[in-house]
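Before any comments, here is the structure.
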Amino acid sequence: MAQKLPYKIANIGLADFGRKEIVMAEREMPGLMALREKYSSAKPLRGARIAGCLHMTIQTAVLIETLVELGAEVQWSSCNIFSTQDHAAAAIAKTGVPVYAWKGETDEEYIWCIKQTIFFPDGKPLNLILDDGGDLTNYVHDHHPELLAGIKGLSEETTTGVHNLYKMKREGKLKIPAINVNDSVTKSKFDNLYGCRESLTDGIKRATDIMLAGKVCCVAGYGDVGKGSAQSLRAFGSRVIVTEIDPINALQAAMEGYQVTTVEEAIKEGASVFVTTTGCRDILTGEHMQQMPDDAIICNIGHFDIEIDVKWLEQNCKEKVNIKPQVDRYTLQNGKHIILLAEGRLVNLGCAMGHPSFVMSNSFTNQVMAQLELWTKPGQYSVDVHFLPKRLDEEVARLHLAHLGVKLTVLTPAQSAYLDIPQEGPYKVDHYRY
(Lines of atoms letter the chains of each structure in order from A; the text may use other names.)
(Lines give C-alpha, C1' and ligand atoms only; values in the text may rest on other atoms or scores of the structure.)
Protein backbone atom coordinates (compact mmCIF):
# COMPACT_ATOMS: atom_id res chain seq x y z
CA MET A 1 0.00 0.00 0.00
CA ALA A 2 1.32 3.46 -0.94
CA GLN A 3 2.28 5.73 1.93
CA LYS A 4 -0.78 7.50 3.25
CA LEU A 5 -0.96 11.29 3.44
CA PRO A 6 -1.23 12.34 7.10
CA TYR A 7 -3.92 14.85 6.08
CA LYS A 8 -5.07 16.94 3.15
CA ILE A 9 -6.61 20.29 3.98
CA ALA A 10 -6.53 23.86 2.66
CA ASN A 11 -4.03 25.47 5.02
CA ILE A 12 -2.42 24.08 8.19
CA GLY A 13 -1.53 27.67 9.10
CA LEU A 14 -5.16 28.19 10.10
CA ALA A 15 -4.84 25.74 13.00
CA ASP A 16 -4.35 28.32 15.75
CA PHE A 17 -7.42 30.25 14.61
CA GLY A 18 -9.39 27.02 14.55
CA ARG A 19 -8.22 26.08 18.05
CA LYS A 20 -9.46 29.41 19.46
CA GLU A 21 -12.91 28.81 18.00
CA ILE A 22 -12.95 25.21 19.23
CA VAL A 23 -12.30 26.44 22.78
CA MET A 24 -15.26 28.81 22.46
CA ALA A 25 -17.48 26.08 21.02
CA GLU A 26 -16.70 23.68 23.87
CA ARG A 27 -18.39 26.07 26.28
CA GLU A 28 -21.56 25.84 24.16
CA MET A 29 -21.49 22.04 23.84
CA PRO A 30 -22.20 20.77 27.36
CA GLY A 31 -23.38 17.33 26.26
CA LEU A 32 -20.10 16.41 24.63
CA MET A 33 -18.07 17.88 27.47
CA ALA A 34 -20.10 15.86 29.99
CA LEU A 35 -19.34 12.67 28.07
CA ARG A 36 -15.63 13.48 28.16
CA GLU A 37 -15.78 13.98 31.91
CA LYS A 38 -17.72 10.75 32.41
CA TYR A 39 -15.72 8.44 30.14
CA SER A 40 -12.24 9.90 29.61
CA SER A 41 -10.64 7.68 32.26
CA ALA A 42 -12.29 4.44 31.17
CA LYS A 43 -11.67 4.99 27.41
CA PRO A 44 -14.65 2.81 26.39
CA LEU A 45 -13.91 3.35 22.68
CA ARG A 46 -10.37 1.98 22.93
CA GLY A 47 -9.72 -0.16 19.88
CA ALA A 48 -12.40 1.54 17.79
CA ARG A 49 -11.29 2.87 14.40
CA ILE A 50 -13.99 5.33 13.43
CA ALA A 51 -14.26 6.65 9.89
CA GLY A 52 -16.36 9.80 9.88
CA CYS A 53 -18.01 11.54 6.93
CA LEU A 54 -19.73 14.63 8.31
CA HIS A 55 -19.40 18.39 7.78
CA MET A 56 -15.88 19.34 8.98
CA THR A 57 -16.87 22.32 11.10
CA ILE A 58 -15.80 23.73 14.45
CA GLN A 59 -18.62 21.81 16.10
CA THR A 60 -17.51 18.59 14.41
CA ALA A 61 -14.01 19.24 15.72
CA VAL A 62 -15.42 19.07 19.25
CA LEU A 63 -17.15 15.79 18.32
CA ILE A 64 -13.92 14.33 16.90
CA GLU A 65 -11.91 15.28 19.97
CA THR A 66 -14.59 13.75 22.19
CA LEU A 67 -14.33 10.44 20.32
CA VAL A 68 -10.54 10.57 20.66
CA GLU A 69 -10.81 11.41 24.36
CA LEU A 70 -12.96 8.29 24.78
CA GLY A 71 -10.19 6.16 23.27
CA ALA A 72 -11.05 5.92 19.56
CA GLU A 73 -8.80 6.36 16.56
CA VAL A 74 -10.55 8.67 14.12
CA GLN A 75 -10.23 9.64 10.45
CA TRP A 76 -12.45 12.23 8.82
CA SER A 77 -13.82 13.57 5.56
CA SER A 78 -16.59 16.09 5.00
CA CYS A 79 -19.98 15.09 3.61
CA ASN A 80 -20.39 18.18 1.42
CA ILE A 81 -17.94 19.91 -0.92
CA PHE A 82 -18.69 23.36 0.49
CA SER A 83 -19.30 22.69 4.19
CA THR A 84 -15.74 22.38 5.51
CA GLN A 85 -14.50 25.21 7.71
CA ASP A 86 -10.84 25.22 6.80
CA HIS A 87 -9.63 26.50 10.17
CA ALA A 88 -11.49 23.66 11.90
CA ALA A 89 -9.92 21.08 9.59
CA ALA A 90 -6.47 22.59 10.23
CA ALA A 91 -6.88 22.52 14.00
CA ILE A 92 -7.83 18.84 13.95
CA ALA A 93 -5.08 17.90 11.49
CA LYS A 94 -2.54 19.57 13.75
CA THR A 95 -3.51 17.21 16.59
CA GLY A 96 -2.54 14.23 14.44
CA VAL A 97 -6.03 13.13 13.44
CA PRO A 98 -6.06 12.38 9.69
CA VAL A 99 -8.46 14.85 8.05
CA TYR A 100 -9.22 14.99 4.34
CA ALA A 101 -11.47 17.98 3.76
CA TRP A 102 -11.36 21.51 2.39
CA LYS A 103 -13.99 24.01 1.30
CA GLY A 104 -14.58 23.89 -2.44
CA GLU A 105 -13.67 20.30 -3.27
CA THR A 106 -14.58 18.96 -6.69
CA ASP A 107 -16.87 15.95 -6.84
CA GLU A 108 -13.85 13.79 -7.69
CA GLU A 109 -11.85 15.17 -4.77
CA TYR A 110 -14.81 14.55 -2.50
CA ILE A 111 -14.77 10.82 -3.30
CA TRP A 112 -10.98 10.75 -2.95
CA CYS A 113 -11.33 12.18 0.57
CA ILE A 114 -13.83 9.48 1.54
CA LYS A 115 -11.46 6.80 0.23
CA GLN A 116 -8.67 8.07 2.49
CA THR A 117 -10.69 7.28 5.62
CA ILE A 118 -11.16 3.56 4.92
CA PHE A 119 -7.70 2.39 6.00
CA PHE A 120 -5.79 3.82 8.96
CA PRO A 121 -2.06 4.69 8.95
CA ASP A 122 -1.10 1.25 10.27
CA GLY A 123 -2.98 -0.37 7.39
CA LYS A 124 -5.89 -1.58 9.51
CA PRO A 125 -9.41 -0.86 8.20
CA LEU A 126 -12.23 1.06 9.85
CA ASN A 127 -14.44 -0.86 12.27
CA LEU A 128 -17.09 1.80 12.94
CA ILE A 129 -18.78 4.32 10.61
CA LEU A 130 -20.13 7.73 11.58
CA ASP A 131 -21.98 9.04 8.55
CA ASP A 132 -24.03 12.02 7.39
CA GLY A 133 -25.97 11.42 4.20
CA GLY A 134 -24.91 7.85 3.43
CA ASP A 135 -22.00 8.39 1.04
CA LEU A 136 -19.43 6.64 3.26
CA THR A 137 -21.88 3.85 4.07
CA ASN A 138 -22.59 3.29 0.38
CA TYR A 139 -18.92 3.46 -0.58
CA VAL A 140 -17.91 0.79 1.92
CA HIS A 141 -20.80 -1.51 0.95
CA ASP A 142 -20.14 -1.07 -2.78
CA HIS A 143 -16.34 -1.06 -2.90
CA HIS A 144 -15.16 -2.83 0.26
CA PRO A 145 -17.65 -5.61 1.04
CA GLU A 146 -14.73 -7.65 2.37
CA LEU A 147 -14.48 -5.22 5.30
CA LEU A 148 -18.11 -5.39 6.40
CA ALA A 149 -17.67 -8.42 8.67
CA GLY A 150 -15.21 -6.45 10.80
CA ILE A 151 -17.38 -3.34 11.13
CA LYS A 152 -19.41 -3.21 14.34
CA GLY A 153 -21.98 -0.83 12.87
CA LEU A 154 -22.75 2.71 11.74
CA SER A 155 -24.58 5.74 13.04
CA GLU A 156 -26.36 8.06 10.60
CA GLU A 157 -26.86 11.78 11.19
CA THR A 158 -29.41 13.07 8.72
CA THR A 159 -32.81 12.44 7.14
CA THR A 160 -31.40 11.73 3.67
CA GLY A 161 -28.96 9.18 5.04
CA VAL A 162 -31.71 7.49 7.04
CA HIS A 163 -33.84 7.19 3.88
CA ASN A 164 -30.83 5.54 2.28
CA LEU A 165 -30.51 3.05 5.16
CA TYR A 166 -34.15 2.00 4.98
CA LYS A 167 -33.85 1.60 1.20
CA MET A 168 -30.75 -0.56 1.67
CA LYS A 169 -32.60 -2.65 4.25
CA ARG A 170 -35.61 -3.16 1.96
CA GLU A 171 -33.36 -4.23 -0.89
CA GLY A 172 -31.30 -6.57 1.30
CA LYS A 173 -28.14 -4.49 0.80
CA LEU A 174 -27.57 -3.38 4.41
CA LYS A 175 -24.96 -5.70 5.92
CA ILE A 176 -24.11 -4.09 9.28
CA PRO A 177 -26.14 -2.77 12.25
CA ALA A 178 -27.18 0.86 11.88
CA ILE A 179 -28.40 3.39 14.42
CA ASN A 180 -30.70 6.10 13.14
CA VAL A 181 -29.44 9.12 15.08
CA ASN A 182 -31.51 11.54 13.00
CA ASP A 183 -34.80 10.42 14.51
CA SER A 184 -33.69 10.72 18.10
CA VAL A 185 -35.99 13.41 19.44
CA THR A 186 -33.03 15.44 20.69
CA LYS A 187 -31.66 15.47 17.13
CA SER A 188 -34.53 15.93 14.68
CA LYS A 189 -36.68 18.15 16.90
CA PHE A 190 -33.71 20.35 17.80
CA ASP A 191 -30.98 20.34 15.12
CA ASN A 192 -33.41 20.11 12.19
CA LEU A 193 -35.86 22.62 13.66
CA TYR A 194 -34.06 25.09 15.91
CA GLY A 195 -30.75 24.79 14.07
CA CYS A 196 -32.31 25.68 10.72
CA ARG A 197 -34.33 28.42 12.37
CA GLU A 198 -31.07 30.25 13.06
CA SER A 199 -28.76 29.14 10.26
CA LEU A 200 -30.97 29.46 7.16
CA THR A 201 -31.41 33.20 7.28
CA ASP A 202 -27.80 33.59 8.41
CA GLY A 203 -26.77 32.00 5.12
CA ILE A 204 -29.17 34.01 2.96
CA LYS A 205 -28.18 37.30 4.56
CA ARG A 206 -24.42 36.71 4.44
CA ALA A 207 -24.75 35.77 0.78
CA THR A 208 -27.05 38.54 -0.42
CA ASP A 209 -27.42 41.19 2.33
CA ILE A 210 -31.10 41.17 1.42
CA MET A 211 -33.75 42.62 3.71
CA LEU A 212 -36.31 39.90 4.30
CA ALA A 213 -38.99 42.06 5.93
CA GLY A 214 -41.91 42.48 3.56
CA LYS A 215 -40.70 39.85 1.10
CA VAL A 216 -42.81 36.90 0.02
CA CYS A 217 -40.82 33.70 0.57
CA CYS A 218 -41.62 30.15 -0.48
CA VAL A 219 -40.49 27.22 1.66
CA ALA A 220 -40.81 23.87 -0.08
CA GLY A 221 -41.47 21.21 2.54
CA TYR A 222 -42.78 21.46 6.10
CA GLY A 223 -40.91 18.73 7.93
CA ASP A 224 -38.72 19.74 10.84
CA VAL A 225 -36.26 21.54 8.55
CA GLY A 226 -39.11 23.29 6.75
CA LYS A 227 -40.73 24.28 10.04
CA GLY A 228 -37.52 25.90 11.28
CA SER A 229 -36.93 27.60 7.94
CA ALA A 230 -40.46 29.01 7.77
CA GLN A 231 -40.21 30.31 11.35
CA SER A 232 -36.87 31.92 10.57
CA LEU A 233 -38.16 33.82 7.55
CA ARG A 234 -41.38 34.86 9.29
CA ALA A 235 -39.41 36.18 12.28
CA PHE A 236 -37.70 38.63 9.93
CA GLY A 237 -41.06 39.91 8.70
CA SER A 238 -41.46 37.85 5.54
CA ARG A 239 -44.77 36.48 4.37
CA VAL A 240 -44.12 32.77 4.02
CA ILE A 241 -45.84 30.40 1.63
CA VAL A 242 -45.34 26.66 2.23
CA THR A 243 -45.57 23.80 -0.27
CA GLU A 244 -46.20 20.22 0.83
CA ILE A 245 -47.12 16.76 -0.47
CA ASP A 246 -48.14 15.34 2.94
CA PRO A 247 -51.65 16.29 4.14
CA ILE A 248 -50.61 16.13 7.80
CA ASN A 249 -47.67 18.51 7.34
CA ALA A 250 -49.81 20.72 5.12
CA LEU A 251 -52.48 20.94 7.82
CA GLN A 252 -49.83 21.76 10.43
CA ALA A 253 -48.53 24.60 8.27
CA ALA A 254 -52.01 25.96 7.66
CA MET A 255 -52.82 25.93 11.37
CA GLU A 256 -49.60 27.82 12.08
CA GLY A 257 -50.94 30.54 9.81
CA TYR A 258 -48.98 29.83 6.65
CA GLN A 259 -50.54 29.82 3.22
CA VAL A 260 -50.09 26.35 1.74
CA THR A 261 -50.13 26.03 -2.01
CA THR A 262 -47.93 24.97 -4.94
CA VAL A 263 -44.65 26.44 -6.18
CA GLU A 264 -46.48 27.62 -9.29
CA GLU A 265 -49.00 29.53 -7.20
CA ALA A 266 -46.29 30.94 -4.92
CA ILE A 267 -44.61 32.44 -7.99
CA LYS A 268 -47.93 34.03 -9.00
CA GLU A 269 -48.26 35.40 -5.45
CA GLY A 270 -44.98 37.26 -5.92
CA ALA A 271 -42.52 35.07 -4.03
CA SER A 272 -38.95 36.27 -4.61
CA VAL A 273 -37.05 33.99 -2.20
CA PHE A 274 -37.33 30.21 -2.59
CA VAL A 275 -35.97 27.65 -0.10
CA THR A 276 -36.08 23.89 -0.69
CA THR A 277 -36.09 21.63 2.38
CA THR A 278 -37.56 18.38 1.07
CA GLY A 279 -34.74 15.92 0.38
CA CYS A 280 -36.48 15.19 -2.94
CA ARG A 281 -35.42 15.98 -6.51
CA ASP A 282 -36.77 18.50 -9.04
CA ILE A 283 -38.47 20.84 -6.58
CA LEU A 284 -37.47 24.01 -8.46
CA THR A 285 -37.29 23.38 -12.21
CA GLY A 286 -36.31 25.43 -15.23
CA GLU A 287 -39.97 26.07 -15.94
CA HIS A 288 -40.37 27.53 -12.45
CA MET A 289 -37.28 29.72 -12.79
CA GLN A 290 -38.47 31.24 -16.05
CA GLN A 291 -41.62 32.41 -14.29
CA MET A 292 -39.91 33.86 -11.19
CA PRO A 293 -39.46 37.60 -10.72
CA ASP A 294 -36.19 39.23 -11.73
CA ASP A 295 -33.35 38.48 -9.31
CA ALA A 296 -35.30 35.84 -7.43
CA ILE A 297 -33.09 34.15 -4.83
CA ILE A 298 -33.14 30.35 -4.77
CA CYS A 299 -31.39 28.10 -2.28
CA ASN A 300 -31.51 24.66 -0.72
CA ILE A 301 -31.14 23.49 2.88
CA GLY A 302 -31.72 19.78 2.14
CA HIS A 303 -28.73 17.46 2.21
CA PHE A 304 -28.04 16.86 -1.51
CA ASP A 305 -27.97 19.19 -4.52
CA ILE A 306 -30.92 17.53 -6.27
CA GLU A 307 -33.75 19.84 -5.25
CA ILE A 308 -32.90 22.71 -7.61
CA ASP A 309 -32.30 21.99 -11.30
CA VAL A 310 -28.88 23.63 -11.43
CA LYS A 311 -27.99 21.70 -14.58
CA TRP A 312 -30.84 23.43 -16.41
CA LEU A 313 -29.57 26.82 -15.27
CA GLU A 314 -26.05 26.04 -16.45
CA GLN A 315 -27.21 24.80 -19.84
CA ASN A 316 -29.86 27.42 -20.59
CA CYS A 317 -28.56 30.70 -19.20
CA LYS A 318 -27.27 33.50 -21.44
CA GLU A 319 -24.68 34.44 -18.84
CA LYS A 320 -23.43 33.33 -15.45
CA VAL A 321 -21.65 35.80 -13.19
CA ASN A 322 -19.99 34.71 -9.95
CA ILE A 323 -20.66 37.50 -7.45
CA LYS A 324 -18.56 35.94 -4.69
CA PRO A 325 -17.92 32.39 -3.47
CA GLN A 326 -21.20 30.41 -3.50
CA VAL A 327 -23.23 33.29 -4.96
CA ASP A 328 -23.96 33.12 -8.72
CA ARG A 329 -26.22 35.37 -10.81
CA TYR A 330 -27.64 33.81 -13.96
CA THR A 331 -29.16 35.74 -16.86
CA LEU A 332 -31.94 33.71 -18.45
CA GLN A 333 -32.93 33.76 -22.10
CA ASN A 334 -35.97 35.88 -21.20
CA GLY A 335 -33.71 38.56 -19.71
CA LYS A 336 -34.58 37.85 -16.08
CA HIS A 337 -31.97 36.96 -13.48
CA ILE A 338 -31.78 34.15 -10.93
CA ILE A 339 -29.48 34.34 -7.88
CA LEU A 340 -28.40 30.85 -6.86
CA LEU A 341 -26.76 30.26 -3.49
CA ALA A 342 -24.16 27.55 -2.72
CA GLU A 343 -24.67 25.95 -6.15
CA GLY A 344 -27.89 24.42 -4.84
CA ARG A 345 -26.16 22.71 -1.92
CA LEU A 346 -26.64 23.37 1.79
CA VAL A 347 -26.97 27.15 2.01
CA ASN A 348 -26.44 27.38 5.75
CA LEU A 349 -23.03 25.71 5.50
CA GLY A 350 -22.05 26.93 2.04
CA CYS A 351 -22.81 30.59 2.71
CA ALA A 352 -22.57 30.75 6.51
CA MET A 353 -21.26 28.71 9.44
CA GLY A 354 -24.01 26.11 9.81
CA HIS A 355 -25.94 25.50 13.02
CA PRO A 356 -24.88 27.02 16.34
CA SER A 357 -22.71 24.94 18.66
CA PHE A 358 -25.35 24.38 21.33
CA VAL A 359 -27.87 22.64 19.10
CA MET A 360 -25.11 20.58 17.49
CA SER A 361 -24.13 19.41 20.95
CA ASN A 362 -27.54 17.72 21.11
CA SER A 363 -26.97 15.95 17.79
CA PHE A 364 -23.37 14.98 18.43
CA THR A 365 -24.02 13.72 21.95
CA ASN A 366 -26.44 11.30 20.29
CA GLN A 367 -23.71 10.34 17.83
CA VAL A 368 -21.22 9.54 20.58
CA MET A 369 -23.83 7.53 22.48
CA ALA A 370 -24.62 5.59 19.30
CA GLN A 371 -20.95 4.80 18.73
CA LEU A 372 -20.65 3.67 22.37
CA GLU A 373 -23.69 1.41 21.99
CA LEU A 374 -22.34 -0.23 18.85
CA TRP A 375 -18.80 -0.67 20.17
CA THR A 376 -19.47 -1.76 23.75
CA LYS A 377 -22.48 -4.01 23.08
CA PRO A 378 -21.37 -6.33 20.26
CA GLY A 379 -24.11 -8.70 19.21
CA GLN A 380 -26.89 -6.69 20.83
CA TYR A 381 -27.73 -4.84 17.62
CA SER A 382 -28.81 -6.99 14.67
CA VAL A 383 -28.34 -6.04 11.02
CA ASP A 384 -31.20 -3.56 10.95
CA VAL A 385 -31.91 0.13 11.47
CA HIS A 386 -32.23 0.86 15.19
CA PHE A 387 -33.11 3.83 17.41
CA LEU A 388 -31.31 4.87 20.57
CA PRO A 389 -33.30 3.94 23.69
CA LYS A 390 -35.66 6.58 25.10
CA ARG A 391 -33.61 6.82 28.30
CA LEU A 392 -30.57 7.95 26.28
CA ASP A 393 -32.65 10.49 24.36
CA GLU A 394 -33.81 11.96 27.67
CA GLU A 395 -30.25 11.88 29.01
CA VAL A 396 -29.04 13.94 26.03
CA ALA A 397 -31.65 16.58 26.86
CA ARG A 398 -30.84 16.46 30.56
CA LEU A 399 -27.15 17.16 29.89
CA HIS A 400 -28.07 20.46 28.23
CA LEU A 401 -30.52 21.88 30.75
CA ALA A 402 -28.15 23.48 33.25
CA HIS A 403 -26.49 25.52 30.49
CA LEU A 404 -29.85 27.24 29.93
CA GLY A 405 -30.70 27.58 33.62
CA VAL A 406 -33.51 25.03 33.43
CA LYS A 407 -34.80 23.46 36.65
CA LEU A 408 -36.87 20.31 36.29
CA THR A 409 -39.85 19.50 38.44
CA VAL A 410 -39.42 16.08 40.11
CA LEU A 411 -42.30 13.65 40.42
CA THR A 412 -43.30 12.83 43.98
CA PRO A 413 -43.51 9.13 44.85
CA ALA A 414 -47.30 9.41 44.79
CA GLN A 415 -47.26 11.06 41.36
CA SER A 416 -44.84 8.46 40.07
CA ALA A 417 -47.10 5.67 41.27
CA TYR A 418 -50.22 7.34 39.85
CA LEU A 419 -48.68 7.76 36.39
CA ASP A 420 -46.81 4.45 36.59
CA ILE A 421 -43.66 6.28 35.51
CA PRO A 422 -40.31 6.00 37.32
CA GLN A 423 -39.25 9.24 39.01
CA GLU A 424 -36.04 9.21 36.94
CA GLY A 425 -37.82 8.37 33.65
CA PRO A 426 -38.20 7.50 30.87
CA TYR A 427 -41.28 9.72 30.85
CA LYS A 428 -42.82 8.93 27.47
CA VAL A 429 -43.61 5.79 25.50
CA ASP A 430 -41.50 5.18 22.42
CA HIS A 431 -44.26 6.18 20.01
CA TYR A 432 -44.94 9.54 21.72
CA ARG A 433 -44.84 12.42 19.24
CA TYR A 434 -43.16 15.46 20.76
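Placed from the backbone N, Cα and C atoms, the Cβ positions cover glycine too.
The substrate binding site annotation in TrEMBL covers Thr57, Asp132, Glu157, Lys187, Asp191. Neighbour list (Thr57 (substrate binding site), Cβ cut-off 8 Å, at least 6 residues apart, same chain): Ser83, Thr84, Gln85, Ala88, Leu349, Met353, Gly354, Met360.
Residues or ranges marked as NAD(+) binding site in TrEMBL: 158-160, 223-228, Glu244, Asn249, 301-303, Asn348, His355.
Under the heading domain 'S-adenosyl-L-homocysteine hydrolase NAD binding', TrEMBL lists 192-354.
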List every residue in the same chain as Asp191 (substrate binding site), at least 6 positions away in sequence, whose Cβ is under 8 Å from its Cβ. His355, Val359, Met360, Asn362, Ser363
As a whole number of Å, the Cα atom of Thr160 (NAD(+) binding site) is distant from the Cα atom of Asp132 (substrate binding site) by 8
List which of the binding-site residues Asp224, Gly226, Asn249, Gly302 have their Cα within 10 Å of the Cα of Glu157 (substrate binding site), in sequence order. none
How many Å lie between the Cα of Asn348 (NAD(+) binding site) and the Cα of Asp132 (substrate binding site)? 16
Return only the integer: C-alpha distance in Å from Gly228 (NAD(+) binding site) to Lys187 (substrate binding site). 13
Please report the Cα separation of Asp224 (NAD(+) binding site) and Lys187 (substrate binding site) in Å, rounded to an integer. 10
